[in-house]
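Features as listed in TrEMBL:
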DOMAIN    A:44-207  domain 'Thioredoxin'
DISULFID  A:C82-A:C86  disulfide bond
BINDING   A:C82, A:C86, A:H170  Cu cation binding site
Amino acid sequence: MKGYPALLIVMLFLIACGQSNKKLPILGEREPTTKEIDGKMVTDTIYQTIPPFSFINQDSVIINNKDFDNSIYVADFFFTSCPSICPIMSKNLLKVLNKYKGNKEVKILSHSIDTKYDTPWVLKKYATKLGVNGDQWQFVHGSQESIYGIADKYMVYAKENSSAPGGFEHQGWLILIDKDKRIRGAYDGTNDEQVSQLMDDMDILLKEYH
Amino acid sequence: MRNPLISILFVCAVILVLANACQGEEEIKKAQFFANGKSLYTSNCENCHSQNGEGLSDLYPPLTDTSFLRGHRNQLACFVKYGIGQQLTVDNRKFDTKMPANSNLTDQEIAYILTYIGNSFGNELGLISTEEVSTSLKNCEIVE
């Protein structure tokens, strides 16, 4: 029996070490660049990042990439009248919001792919009914071109399709972006296990900055 | 049959046995409808109304308000088939999110779904038969 506390301490150490050493991968395309520094050729890697953007949010305020500069964020693509996977994604994002409520380093960015119907007013109504207020979770409206264009950059498939339920075909990924706008994870927003994985990974990512 | 009392008792007993048999049959039918309804619920309703019927915040109403379901029993099939465009008060809360139509569902499938919802989440509406659904659907008031 005497050995147990020691064993426990060793185990705790192992668990703690395992966690602090874990780092999230950087996803997307990458290309090496070579530049000359102090007379030596140094090779560096340029990672895929989310390009600058500008949309209108649920409060009819323009928000852009700079609003996300000092935070990690979760991005998704949805529409308010979506009868298929979006309600589950919203429900799961609500869990994420509640876990990090008030944390200035964590934001959520939901892009509406129904650019005709989902005006800022409709988005505001949706957010209010969902029980979301404040600016930690942004619901954004943009031109069809800009929304579908940025979906590609997040590596999420979204297209208008009259034969799909609700008129749009899209994937339910929740994409985790770091403070440098790099993609650090993609999680199925309809799968509870993957959503808890997302929240674990957010903790790991936040540690990179502390 | 000399004694009229005995023949009356006999008739009563026969009626009782038949009635019991009918009830047993209905119970079996209900269990069958319930089981079929469960999988249809998962594919058609669960995304919004959630697995345990609790709905989602003030966006999608819960299916746990038994008195609402009882009071609207003959409209439930219309809600499922044609969707809902008007505001409803469920669980003492107002809901006005448009519910999409499910026009691809047959009367039988709607009966399965309603029997499942009607006997889950604390509801006890009993069997909602295909005939009942067909009758309800003939009398739908569609409010856009």
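Placed from the backbone N, Cα and C atoms, the Cβ positions cover glycine too.
On the structure: features taken from TrEMBL.
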residue: A:C82; record: disulfide bond; Cβ neighbours (10 Å): 25
residue: A:C86; record: disulfide bond; Cβ neighbours (10 Å): 27
residue: A:H170; record: Cu cation binding site; Cβ neighbours (10 Å): 26
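Per-residue pLDDT, averaged over the domain 'Thioredoxin' (A:44-207), rounds to 95. Straight-line distance linking the Cα atoms of A:C82 (disulfide bond) and A:H170 (Cu cation binding site), rounded to a whole number, equals 10 Å. Secondary structure at A:H170 (Cu cation binding site), as computed by DSSP, is strand.
Surrounding the centroid of the Cβ atoms of A:C82, A:C86, A:H170, where the record places Cu cation, the chain contributes additional residues within 8 Å, namely A:F77, A:F78, A:F79, A:S84, A:I85, A:M89, A:I113, A:G166, A:F168, A:G172. Put simply, A:C86 (disulfide bond) is 10 Å from A:H170 (Cu cation binding site) when counted between their Cα atoms. A:C82 (disulfide bond) falls within neither a helix nor a strand when secondary structure is assigned with DSSP, and so counts as coil.
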